[in-house]
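Asker: Taken from Swiss-Prot, the feature transmembrane segment applies to 62-82, 94-114, 127-147, 166-186, 202-222, 239-257, 264-286, 293-313, 339-359, supported by sequence analysis.
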Amino acid sequence: MNTWFLNVVDPLHQWFLGFGDIGVVLWTVLKILMIAIPLIVSVAFYVVWERKLIGWMHVRHGPMYVGMGLFQAFADVFKLLFKEVLYPSKAHKAIFVIAPLLTLAPSFAAWAVVPFDTKLVLSNANVGLLYLLAMTSLGVYGIILAGWASNSKYAFLGAMRSAAQVVSYEIAMGFALVGVMIAAGSLNLSQIVMAQAGSSGFFDWFLIPLFPLFIVYWVSGVAETNRSPFDVVEGESEIVAGHMVEYSGSVFALFFLAEYANMILVSFLISIFFLGGWLSPIQGWVSGQVSPLIDWVWNGGWPWLLFKVLFFASAYIWFRASFPRYRYDQIMRLGWKVFIPLTIVWIAVTALMVFSGVIQKGV
């Protein structure tokens, strides 16, 4: 499915390399832009999709104007960009501005090791899984600094909640990925996907043998991104808007962009770790070459990855429309007393399944 893309990219890559070190730098910048620009556009349309889907769930229309609602998110972006950035009188202005950048940067940096198809990855790092854990953990520092620099008790309380929540669920997410690493035998994300390849279709995916870890990772991902029903960090009924309460204009838009970029990232990672990434659910059931336009249906390709991502991204919205916000003590209890013990037990079970041959890599 990606052959036509590689036929265009490979000659372009060789052309840039002809300029020496400058060409390498320009090629790297171009690859970064090829990830960053579609991600920003995806966030805009994701916001529109969220509003339309929640509107449908509430039996109302949702956005209807500004290009029939399609460009509503872009209108909101321009509105925020041209609004004045107001600084609290007692805020630490330098850290106040740096904090949203520290939150946004890891959200984009994590995409460097995310594969979209065979050979379609910015950096095919052998320690990609470890790099992802590091990047997804760094975003909380921006939130903590935002709460502290605002010099507001509501912002500081939201920041402290975020720190405790991220630390609690980061452990469970890390343990869940240890199970994936044991099953795949690699920290490379592309190799993790190929470890789920086989002639049995979706029966070869890690979703079935690692189902408890899949649930833990999915729920922990929702908690990590501070989305409903784990949105006590910015609970409107308690602390107004949490760490973002003093932010306005373009700096507020950076927090908004980071949150939705993280939601899309988690949707990609769940699809890669547990649902075979770009692999087809009927791979091995049908064979033959008909046309590049339809061969991906059984041979796999990036459209399958996007379908899976769309499902999990829509699930975020479904959770928001369906579940009430958990109490803070309930969130902590779920993370420490349920998820962490469950993941530890299932890591041992996964090791036994690999040792006994129940899980076989890439068969």
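Cβ coordinates come from backbone N, Cα and C, glycine included.
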Asker: The transmembrane segment (127-147) and the transmembrane segment (239-257): do they have three or more Cβ pairs under 8 Å, with pairs 6 or more apart in sequence?
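Answerer: These two stretches do touch.
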Asker: Which bits of the chain, at least 6 residues beyond where the transmembrane segment (202-222) starts or stops, bring a Cβ under 8 A of a Cβ in it?
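Answerer: 169-170, 172-173, 175-177, 179-180, 183-184, 195-196, 229-230, 266, 269-270, 273-276, 279, 281-283, 312, 316, 319, 334-335, 339, 342-343, 346, 350, 353, 358-359, 363.
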